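Copied from TrEMBL, the annotated features are:
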DOMAIN    25-139  domain 'PurM-like N-terminal'
BINDING   ASP27, ASP72  Mg(2+) 4 binding site
BINDING   ASP27, ASP72, ASP213  Mg(2+) 3 binding site
BINDING   ASP44, ASP123  Mg(2+) 1 binding site
BINDING   ASP44, ASP72  Mg(2+) 2 binding site
BINDING   HIS51, ASP264, TRP320  substrate binding site
BINDING   GLY122, ASP123, ARG147, SER215  ATP binding site
DOMAIN    151-304  domain 'PurM-like C-terminal'
BINDING   ASP216  Mg(2+) 5 binding site
Amino acid sequence: MEFRLIDRIHARTAQVREDVRLGIGDDAALLAVPAGQELAVAIDTLVEGVHFPHGTAPADIGWKALAVNLSDLAAMGATPAWALLALTLPELPAAAQAARVDGLADGFAQLAQAYGVALVGGDTTRGPFTLSVAVHGFVPPGQALRRDGARAGDLVFVTGTLGDAAAGLQRLAPSTDPDEEKRRGFLRARLNRPQPRVAAGLSLRGRASACIDVSDGLLADLGHLCTASAVGAEIEVERLPLSSALLGSCDEAAAHDYALAGGDDYELCFTVPPALAGEVQADLARLGCGATRIGRIVEAPGVRVCGTEGEWLTPARRGWDHFADDAAR
Ligand code: ADP
Ligand code: MG
């Protein structure tokens, strides 16, 4: 189906890997899993209007569709290798469709090449604009980072900064203030071009007791980690890593809300025993993303947040839905 579109994608995503015995063009790809490795596989779907706004540049969509999947592999401590792309496209005039597909493929290929990921197949159909990407990576047996290994006393860390993407989504409109527009540019780039923390995930292998990537918001995803580990966590709001662009674009309370519950961050949230914290933090600083200690693991279930005055904040009290208050700046 859609041979010309598939050809366009194929031509723009020519990443050569020795372990791809047969790539795009047959009924299935043939792939050689390295001896002695486990295969880590993940799939994520982006739907227009749900996971990216209408009007997003095709190259940004193609990048993000792969990035969110590489983020899942990063959170497992896996080395990315192969990807599949199922593309659902609404009708468009031929030239516009070709331009859209070229943009999607170019954005996808840019990130794929950065990580040596080969696009080995996919599917192309008509329908509401949707991309499903499946990724495959390798991890030595028993060394994958999982959600279920956190223990009371472990420290909770997060890579990079939180809340930028969610704030960027609220600031798609250009600002007439050049300084604010510069900040919005940074926040929108964090929304549209997330950088999967692959090197950080590999560095955490054998050291992090648990790991998850932050896609739905820190509180939700740390909550998943805690549930899987049968523990709880205490987070200090003042320790949340916030970019200067975020802090410049909204007040501190709104920045905290974006960081706690905004989502689309694609940073890694992980736990380490205190004895390993220093070396892990130094290594991630060297890798460029850095890691910030935001709290600790406790026995009591649930994620509790300690506010700036030392008071306990609870989702019920705060609502975690404060995006209306600063959207118009
Ligand atoms: P089939 O009918 O056997 O599923 P298709 O016509 O759907 O074959 O696909 C032909 C080839 O092109 C297959 O190798 C498939 O994996 C690949 N392909 C189709 N769509 C895409 C896409 N969006 N991205 C990458 N490869 C694709
Ligand atoms: Mg098919």
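Even glycines carry a Cβ here, placed using N, Cα and C.
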Open item on the list: Taking only C-alpha atoms and a 10 A limit, tell me which of ASP72, GLY122, ASP216 are near ASP44 (Mg(2+) 1 binding site). These are the binding-site residues.
Closed with: ASP72
TODO: List those of the binding-site residues ASP27, GLY122, SER215 whose Cβ lies under 6 Å from any atom of ligand 1, in sequence order, or write none if there are none.
DONE: ASP27, GLY122
Task: Composition by DSSP (helix, strand, coil) of residues within the domain 'PurM-like N-terminal' (25-139) - done: 40 helix, 45 strand, 30 coil
TODO: Select the most exposed residue of ASP27, ASP72, ASP216, where exposure means the fewest other Cβ atoms within 10 Å, treating these as the binding-site residues.
DONE: ASP27
TODO: Mind running the binding-site residues ASP27, ASP72, ASP123, ASP213, ASP216 against ligand 2 and keeping the ones whose CB falls under 6 Å of it?
DONE: ASP123
Open item on the list: For a quick check of packing: other C-beta atoms within 10 Å of the C-beta of ASP264 (substrate binding site), how many?
Closed with: 22
- [ ] Any same-chain residues 6+ apart from HIS51 (substrate binding site) with CB under 8 Å of its CB? Would you list them in sequence order, or say none?
- [x] THR45
TODO: Express the predicted model's confidence over the domain 'PurM-like N-terminal' (25-139) as a mean pLDDT, rounded to an integer.
DONE: 97
TODO: Looking only at C-alpha atoms, tell me how far ASP213 (Mg(2+) 3 binding site) is from ASP264 (substrate binding site), rounded to the nearest Å.
DONE: 10
TODO: Please determine which of the binding-site residues listed here (ASP44, ASP123, ASP213) has the lowest count of neighbouring CB atoms within 10 Å.
DONE: ASP123
